[in-house]
Amino acid sequence: MTTTNAAALPPVSLRQDAGVIGLVGLAHMISHFSQLLLAPLFPWLKDEFNASYTELGFLMTIFFVVSCSVQALSGFLVDKYGPRPILFTGLALLGVAAFGFSLSPNYTTMMLFSVVAGIGNGVFHPVDYTLLNRKVSAPRLGHAYSFHGITGSLGWALAPALLVPVAIAFSWRAALQTAGTLAFVVLAVMWFNREKFHLPVAAPAHKSAQGQPEGSFDFLRIPAVWMCFGFFFFYAVVLSVIQAFAPTAARHLHDVPIALAAMCLTVYMVCSAAGMVLGGFLASNPEKCERIVGLGFGAAALIALWIGLGSVPALAVPVLFGAMGFASGIAGPSRDLLVKRSTPDNSTGRVYGIVYSGLDIGQAIAPLIFGSLMDHEQYRGVWLGLVFMQGVLITSAFNVRRVRRTPLATA
């Protein structure tokens, strides 16, 4: 098997590449935005439905478990029918879910629309990476991955920035209706630019070396695919800890004022986006992607170790979060190249669907483990656990390279 060869595509203009990259990034932003539809509104939802935070958190668990299942399956649909109809369906479901949340009369209905939102969210990574890998010219692919990661971070940042002020000014229902409107506006933008998403569906299966047709599930026998799955699982655990627990744990360890601790995640995300810009240039050489991942996450792990064990002034904590985010961001585009280099022809959607389902599984499991540490006030343990997971993440990246069986195609 050979990897999907972007270099075989005819020359593409910068304007055409930029159009595809921008539209895919916009859709990706809505996906990440929708992952945080409910969390910023928990204080309102708690009062409205007389629900505990555990019950509200279970809505997020439903979302990610469903998203994980759909992500693995949607990759097959993308390869069979092309990414365009799958993308439109995902955006429509996110819009429906947001309006459904806004009209929900009880907690049970919220659970139902969490399923709908999870289905909508599950299509995006197979769709996005199929479009980027097959539509964007090889020299710009690293920058495409960089922009894709940046838009995801912006989506996470946009959700609380938009939803909370609307909820304060009007109501939580109005906030979710605003989110639903945004999803449908983006769907309209995609529809009017639908020709940019056209791809021929996957070609018939090739013959294997033994003369037998290659089946739809043959890619599951590639060890590198499963190593990539493991890599993204550990990456999701790291990201989940940073998003949910690291700022609070650092606040308790270093007596950081609440207002300053609240800035830590925003600083991390902004600096991560900046790191991705630099990472896009570094990812132009696919031979170095594992080393860039190792250096980026290695630097982030050293900073995390410093926060966990060192004596850090309170004012320095947000700065260290920013440095950690920048280092992790540098590794982002090379992280995506790890998967591309392990992807057989005509299996892009399936491979990315399986691999990126590791993200949802990691995000579903991490809160159970690290949340327990927080409940027992093991704040240093949270940071040391984060460092350990970053170390496993680096090891898994190099294991991808070790087990990759396919020759490198120009990326």
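Cβ from N, Cα, C; glycine included.
Because TrEMBL annotations are produced automatically, they should be read as predictions rather than curated entries.
Feature annotation from TrEMBL assigns domain 'Major facilitator superfamily (MFS) profile' to 20-407.
Residues or ranges marked as transmembrane segment by TrEMBL: 20-44 (among others). Long-range contacts of the transmembrane segment (20-44) within the same chain, counting only residues at least 6 positions beyond its ends with a Cβ under 8 Å from a Cβ of the stretch, are 53, 56, 59-60, 63, 87, 90-91, 94, 97-98, 101, 110, 114, 117, 120-121, 124, 127-128, 131-132, 135-136, 140, 143-144, 147-148, 150-156, 158-160, 163-164, 167, 171-172, 175-176, 179, 182-183, 186, 189-190, 193, 196-197.
Among residues of the same chain six or more beyond the transmembrane segment (56-78), those with a C-beta under 8 A of the stretch's C-beta atoms are 35, 38-39, 42, 45-46, 86, 90, 110-111, 114-115, 117-119, 121-123, 125-127, 130, 216, 348-354, 356-357, 360-361, 363-364, 367. The feature transmembrane segment is assigned by TrEMBL to 56-78 (among others).
Positions annotated as transmembrane segment by TrEMBL: 85-104 (among others).
Summarising the annotation, TrEMBL assigns transmembrane segment to 110-132 (among others). Within the chain, the transmembrane segment (110-132) has long-range Cβ neighbours (under 8 A, six or more residues past its boundaries) at 20-21, 24, 27-28, 31, 34-35, 37-38, 45, 49, 58-60, 62-71, 73-75, 77-79, 83, 86-87, 89-94, 96-98, 100-101, 104, 141, 144-145, 148, 197, 199, 336, 339-340, 348-350, 352-353, 356, 359-360.
TrEMBL lists 144-168 (among others) with the feature transmembrane segment.
Annotated transmembrane segment per TrEMBL: 174-192 (among others), in sequence order.
The transmembrane segment annotation in TrEMBL covers 224-246 (among others). Same-chain residues lying 6 or more positions outside the transmembrane segment (224-246) and placing a CB less than 8 Å from one of its CB atoms are 156, 264-265, 268, 297, 304, 321, 324, 335, 338-339, 341-342, 351, 354-363, 365-367, 370-371, 373-374, 382-383, 385-386, 389-390, 392-393, 396-397, 399-400, 403-406.
As annotated by TrEMBL, transmembrane segment applies to 258-283 (among others). Counting same-chain residues at least six beyond the ends of the transmembrane segment (258-283), those with a Cβ under 8 angstroms from any Cβ of the stretch are 141-147, 149-150, 153-154, 156-157, 242-243, 246-248, 250-251, 289, 292, 296, 314-315, 317-319, 321-334, 336-337.
Residues or ranges marked as transmembrane segment by TrEMBL: 292-309 (among others).
For 315-331 (among others), the entry in TrEMBL reads transmembrane segment.
As annotated by TrEMBL, transmembrane segment applies to 351-370 (among others).
For 382-400 (among others), the entry in TrEMBL reads transmembrane segment. Here the transmembrane segment (382-400) has Cβ contacts under 8 Å with residues 224, 227-228, 230-231, 234-235, 237-238, 241-242, 245-246, 249-250, 253, 290, 293-294, 297-298, 300-301, 304-305, 307-309, 335, 338, 342, 369-370, 373-374 of the same chain, all six or more residues outside its ends.
Note on the transmembrane segment (292-309): residues 238, 246, 250, 253-254, 275, 279, 282-283, 317, 320, 323-325, 327-332, 334-335, 338, 380, 382-384, 386-387, 390-391, 393-394, 397-398 of its chain, located 6 or more positions outside it, place their CB under 8 angstroms from a CB of the stretch. Residues 23, 26-27, 30, 33-34, 37, 41, 87-88, 91-92, 94-99, 101-102, 159, 162-164, 166-167 of the same chain, all 6+ positions outside the transmembrane segment (174-192), place their C-beta atoms under 8 angstroms from a C-beta of that stretch.
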